[in-house]
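Asks: The structure under discussion is supplied below as structure tokens; questions concerning it will follow.
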Amino acid sequence: MAAALAALGRAAGLAAGPGRLLRACGATCAAEGGLSRRLSSAERPKRPLTAYFRFVGERQGPLRQRHPELSNTELVKKLAGDWRELPASQKQVYEEARKADWRIYEEKLAAYKAQLTPAQAAALKEERRKRLAKRRSFRKKRELTVLGKPKRPRSGFNIFMSENFQKSVGVSPVAKLKKLFETWQNLPSSEKQPYLQLAEDDKVRYENEMKSWEAKMAELGRQDLIRSKEQQPKKKTAETAQEADRAKAPLRGKKATLKLKKSEE
């Protein structure tokens, strides 16, 4: 469970701060609770199957019975091969069935849309947009996983949570998270420091791995996956530290002057 929550934290951008995870959990729970109360697209007519998937649906069962030793992957490959070798005249039968079902689908879809109010139509459109965005995001994450993109660095709280989640008190994962967050906020600086140091070490690990990974992506021609200079962390040099100190000097002088005036009054 700790690993699952850690993954949830990374997905919600926990590296940016502990409060963000709690807000993400709250938003997720609210969304799940509200989903059953708002309009759903479950009643929308379903698109008819393509010619190929009609063929698969028809042949998959009998093929499985004849070859129970085949894995799902092998079964799919076998069906794809059978489809490629199918004569055009037989493929046309499946295509004609798709066209007939498509005409029926268009009629049902028109009737379905006609009964919707403008508000319902807008809500369904937004639901579809979110669903497609979620699907695109999933595909993107899957691609990055296949390409071996390094995992983002964890925050101090994320590391603390991973180590203490199992023994945390709470009836639900969200309750445990809230309890851990409260504990983290009240933790003395001396006890937080080891976790913060581990988080800093993880940032170094991440940056080193990202440099190697981005170099590999450049070789593959995937410049779209390489961070821009604005996204890359800026290194603090001695010169930039001195500039920052000089910039703060006038402010410190003003504060000192105000304190002096107050003491004289």
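In case you wondered, yes, glycine gets a Cβ from its N, Cα and C as well.
Quick paste of what TrEMBL says about this protein:
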type     : residues : note
DNA_BIND : 45-113   : DNA-binding region
DNA_BIND : 150-214  : DNA-binding region
COILED   : 196-223  : coiled coil
COMPBIAS : 224-248  : compositional bias 'Basic and acidic residues'
COMPBIAS : 249-265  : compositional bias 'Basic residues'
DOMAIN   : 45-113   : domain 'HMG box'
DOMAIN   : 150-214  : domain 'HMG box'
REGION   : 224-265  : region 'Disordered'
Asks: May I ask for the residues of the chain that lie six or more residues beyond the coiled coil (196-223) and have a Cβ under 8 Å from a Cβ within it?
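Replies: Residues 147-156, 158-159, 233.
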Asks: Over the domain 'HMG box' (150-214), what does the predicted model average in pLDDT?
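Replies: 93, rounded to a whole number.
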